[in-house]
Amino acid sequence: EVLGIAHEEDIEKSIMDMIKVLDAEFNYREFVTLSELIKEQTPHGIINVYLPLLFLATRKYVTLTQEVLFEEIFIRRGEKLGR
Amino acid sequence: MHIKEIELSNFKSFARKVKVPFYDDFTTISGPNGSGKSNIIDSILFCLGLSNSRTMRAEKLTDLIYSVDGKSPGTAEVTIRFDNVDRELPIDLDEITVTRRIKSSDSGYYSYYYFNDKPSSLNEIHEQLAKARISQDGYNVVLQGDVTRIISMSDTERRKIIDEIAGTAEFDDKTDKALSELEVVRERIERVNIIIAEVEARLSQLKRERDQALLYQSYRDEKIKNEGYLLLSELKEARKSLDSLLEDLRDKTAKREAIIAEVEAKVIAVDKLKAEIRALSEVITSKGEGEQIKIRREIEEDRAGIKACTNIIEFSKSETVNREKEKQKLFLEIEASNTQIEALGARVAEEEQRKASLVGELKHQKAALEEVHGKIMVIDSRFEGVRSRLSEMKNALEASRNQRNEKIREKDRILDAARRKQDEEMDAEAAITSGRSEIESLRVEGGNIERDIKELQRRSQALVSDIADMESARARAKQDQLAIESKLRKLQEEYARAEGRIKAYEESDYSQAVETILQARNTRELPGIYGTIAELGKVDDSYSTALEVAAGNRLQNIVVDNDEDASRCIYYLKDRRKGTATFLPLNKMRQRPPMRDFKNQPGVIDYAINLVDYNPKYDAAFWYVFGDTLVVDSLETARRMIGSVRMVTLDGDLVEKSGAMTGGFRQKSKLKFKASEEERIRTLAEQITVAESERDMAISKVESVDGHIYSLKKDRSELESQIQKLSSRRDEIAARAGRLEITIREKEAAIASLRDERRMLRDDMIQIEDAIAKADADIISLSSETAKLEDELKGSEIPKLTEEATRIEEEMRRLEDRIRDIESGIASTKMEQGFVTARIEENRKRLQDIDANIVALRQKVTENEAQIVVHQQRMAELGKREKEIEAELVGLKKQRDEMSEALTRADHDLYDARRSLERVTGLLNTLEIARDENIEKIRRMEATVQERGVVPSEDVPPIDKVRANISLLERKMQELEPVNMLAITEYDSVEARLKETTEKRDILTRERQDILDKIEHYKTMKKEAFMTTFTAIADNFRNIFHELSDGVGELVLENPEDPFAGGLTIHAQPHGKALQRMEAMSGGEKSLTALAFIFSIQRHRPAPFYAFDEVDMFLDGANAERVARMIKSLSSNAQFIVVSLRKPMIESANRTIGIAMQENNISSITGVRLYGN
């Protein structure tokens, strides 16, 4: 349980970080691609970006669209984030 | 094989149609809680129908259909596409698809499965998947719940997981089957045992009967031999009596002959006398009766002759007058007839004249006709030939045409008949062929049925004897049961009586003091009290009266441990004013001295004290009570020994040493040895218990025999009804075959006759064809000839001439008629003339006759007057002769009377002689009958002697001795009776049956052993199968646990010898901790251990793909990483689809599919690659 909480906090922190990053980006453009957000091309680096995005999408901060699975993902403003 | 793609449509949160691709490596599915990531795993369970054992996260199947605000499309569908390039599933397709669709409707939901797009059942899907090692219990789809379950399940349940994997159920099934076979064999053995017991019992009884019968037989043979001796002597007697009979017979025969001679002589004398009388009688008759009567008759005749003559004379005179009158009348008639003849002659002359003129006319006409005929003749002679030929021709032509038509019709008829016959023949042949083949098959079936019937009958017969044995076993068992029950009843009655006696004892009747003390003992108020003498001693029932008398009132003496206890009791009584009692303190009582031995005195039973059974501890107390009192059998014995010792008889009479004797009728004493009754009651109770259990056994035996009888009878009636059915089938077949045979014969005969008929028809046909051809030719030639002739006949004068001739001929005919009329008139007139002439002639002749008659009459008168005179003369002569004869007869009659008297005397003599002859003859007959009877008797006796095998020459013992022997043997035989002679043969057949039944039991016992061996074998195999699987999984577990936790863990069977008797526990010692049972571990450790267990199973039974749903939820970071590593390494051999939110897991995968819920309740899918590309 202790571990579980730590884990949750961990996720929430990275979500917050991600919101900051995206806010900055959406200030000057309509969408961001996933590959632009990834700084480190390792599984760890990818997951650190991808997981928070899934949470944000569910919370309707962003919308994720992907034309072909496993290819580029486009990130746009969600209804909660406003314009 | 691996999952290539999952296509979801309205399944749970996947509202739109979504295709999710998968690869043959490690894929994680991640996303926030509630995004629907686990629904992917659920879709696999759903589509492949693996959800039976694990609950899917939905209450009902209809909840699986996507719905928002209660609105639902009503159908959901999941398709999984497998890559089958490696042909792991043995179907020659690169891709295998499984689809499941559910539909909800008002009346519920419907579920459909498709395998490769074909509708299919869940079972078929499972069968196919099992070929690719995907099964429900395979742990290749693991939900979070499964991990928890492995931890929380009981040890036994955990062991059953191994059972299932090892497939031990197969052996259990086999064992169950063998056990039910065993039960059948057991029952049969039981049945056979009952029969054997029965047959053995019968055999032993029969053996007795047979021995008896054999003994009886030997007596009987001996008796028969002796009877033979008896017969021999009787035979001798009979022969002797025959000899004397023959002698007598000879004597009587001689005597008879003498009498016969005498009779003959007398007969001659009588006959002579009779002849003389007869001669005399004849003379008298001829003289008297003969001649006298003749004379009288002649006189009478003469008188009658005179009267007749007178009559004739008178008649003749009157006749003469009549004749004269007739003559007058005839003369007048002749005169009238002459006048009539003259008138008739004038008429004839007139007619003759008319006739002559008509004849002249006729002549004239005849001449005219001849002239015409002459003319015609001249012309006719030219054409006559042609005309007659023509009419012949025409006739012939007509005949030929008729002939031809007739033949053609006939031909049609024949053709038709021939066709019909041919059809009939073909039908008949077909019927014969099919009939033959049916007969053959019926014959085969009949043979089979016959064999079956024989076999069934044999079995039924065997059952009949089984049933008979069972029934007699039942009768015996029933008898046993009744015997036991009556014994039990007796015991129970006795028990009730004994109990009554105990009760009586308990109500009686110690003194108030003794009661008080005993009560105090029972309430533990007073210590050291053992009880009354009556309580402490046990006696045999038969001695109880004697011993009770011997002890007398001392029976209620109270035995206590010591004098202190005694004094305490005494004070107790004093305090309560409850009277007095006698106490026997064991520490102070005088010990028993040595005693004289009276045992071998007649009538002495023993010292009373020796007949009481008590704890030796109380010896001094009992010595005080009984002393040296002897128990003797009777008062007589006591009297003999009076004065030497105190004695008591069995009846309870007491003889004191002093000589004082007490006795008489004794009421039942109220003071009794309680212990003896109690002992008795115990024994009775034990006996009752034993008897009851015996009874129960007997009843259950009867019941079990009844059960056997019932099932045997049922079997038999089944067999019988089968036989019945088969028999009727057989009869039916036989009848059917018979009918077919008859039909075939009939058909064959029909064919033969049809062939003959056809041959005949063919011959007819040929003839008719010939006839038609001939008729055709005739018609042609005749037609042409007729035509020619008809041309020829044309134009002539003949018709006119012919007409003229006809007219003349008519006129001539008229004339001839008139001439004929006149002629007939003349003829009739002449005839009338003839008649009248003839009448005149007749009258004249009559006149002559009358004259002659008158002359004759006158002569007759004269003759008769002369005759009357002759008669009167003869009458006078005859009267004279009559008187002479009367005188002669008187003398002769007197002589005849004398001779008759002599004859009567001779007859008497003859009668006497005959009587004595009859007597002798009768005697002879009697003797002859006696002789014949004797001979017959001897013959019979000789036959019997021969039959019995007695040699006539044998030395016959004296007849008295023989008779004595026979009666002795008869007595012995009677003693043996009734004898069952049949027992001899029956014994053999029962012995054979015993042998047969014993063999049957041996076979059954062997069968039973075989089944037991088989069961044992299954048990071993089951254990082996289990142990093989267990060992493999346990090895895997040791390695995997070490790998995952760096610690030591193992699977432990609670009972390694018999694994199925115990459960399976997991001992785990994570790194750096003490060895502990799973229940004692932390949540994370538990998960890890359970995962290790699951991995161990998977390694033992690899599946093509694995799907895990958040199995790492409770693991700490380090352990999560270890598990992830392990999955990664395993994924080189199998496909892994793992739902997880844990970074170590997600990061280890080749790619991640991310699930997010961007719109309301709809899951969306995105994905990123992590390794490779």
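Any Cβ shown, glycine's included, is placed from N, Cα and C.
What TrEMBL lists as ATP binding site is B:Pro32, B:Asn33, B:Gly34, B:Ser35, B:Gly36, B:Lys37, B:Ser38, B:Asn39. Its Cβ taken as reference, B:Pro32 (ATP binding site) is surrounded by 22 other Cβ atoms within 10 Å in the chains shown.
Residues annotated as coiled coil in TrEMBL: B:182-266 (among others). As a whole-number mean, the pLDDT of the coiled coil (B:182-266) in this prediction is 87.
Sequence annotations record features per position, and here TrEMBL assigns coiled coil to B:383-410 (among others). Tertiary proximity for the coiled coil (B:383-410) is limited to same-chain residues at least six positions away from its ends with a CB under 8 Å from its CB atoms, namely 764, 768, 771-772, 775-776, 778-779, 782-783, 785-786, 789-790, 792-793, 796.
The coiled coil annotation in TrEMBL covers B:439-508 (among others).
Annotated domain 'SMC hinge' per TrEMBL: B:527-642, in sequence order. For the domain 'SMC hinge' (B:527-642), the DSSP-based tally of helix, strand and coil residues reads 55 helix, 21 strand, 40 coil.
According to TrEMBL, the feature coiled coil maps to B:674-944 (among others).
The coiled coil feature in TrEMBL is assigned to B:987-1014 (among others).
Proximity to chain A (CB-CB distance below 8 Å) holds for B:Pro32, B:Ser35 among the binding-site residues B:Pro32, B:Ser35, B:Gly36, B:Lys37, B:Ser38, B:Asn39. Around B:Ser35 (ATP binding site), the same-chain residues at least 6 positions away in sequence with a Cβ under 8 Å from its Cβ are B:Ser13, B:Ile1155, B:Ala1156, B:Met1157, B:Ser1163. Secondary structure from DSSP puts B:Asn33 (ATP binding site) in coil. Annotation for B:Asn39 (ATP binding site): spatial neighbours B:Leu8, B:Phe11, B:Lys12, B:Ser13, B:Phe14, B:Ser1163, criterion Cβ-Cβ under 8 Å with sequence separation of six or more. Summary: among the binding-site residues (B:Asn33, B:Ser38), the fewest other C-beta atoms within 10 A of the C-beta are counted at B:Asn33.
Working note on the binding-site residues B:Gly34, B:Gly36: by count of other C-beta atoms within 10 Å of each C-beta, B:Gly36 ranks first. If you look at the coiled coil (B:987-1014), the same-chain residues 6 or more away from its ends with a CB under 8 A from one of its CBs are 178, 181-182, 185-186, 188-189, 192-193, 195-196, 199-200, 202-203, 206-207, 209-210, 465, 469. Summarising the environment of B:Lys37 (ATP binding site), the number of other Cβ atoms within 10 Å of its Cβ, over all protein chains shown, is 27. Sitting within 8 Å of the Cβ centre of B:Pro32, B:Asn33, B:Gly34, B:Ser35, B:Gly36, B:Lys37, B:Ser38, B:Asn39, and not among those site residues for ATP, are the Cβ atoms of B:Ser13, B:Gly31, B:Ile1155, B:Met1157, B:Ser1163.
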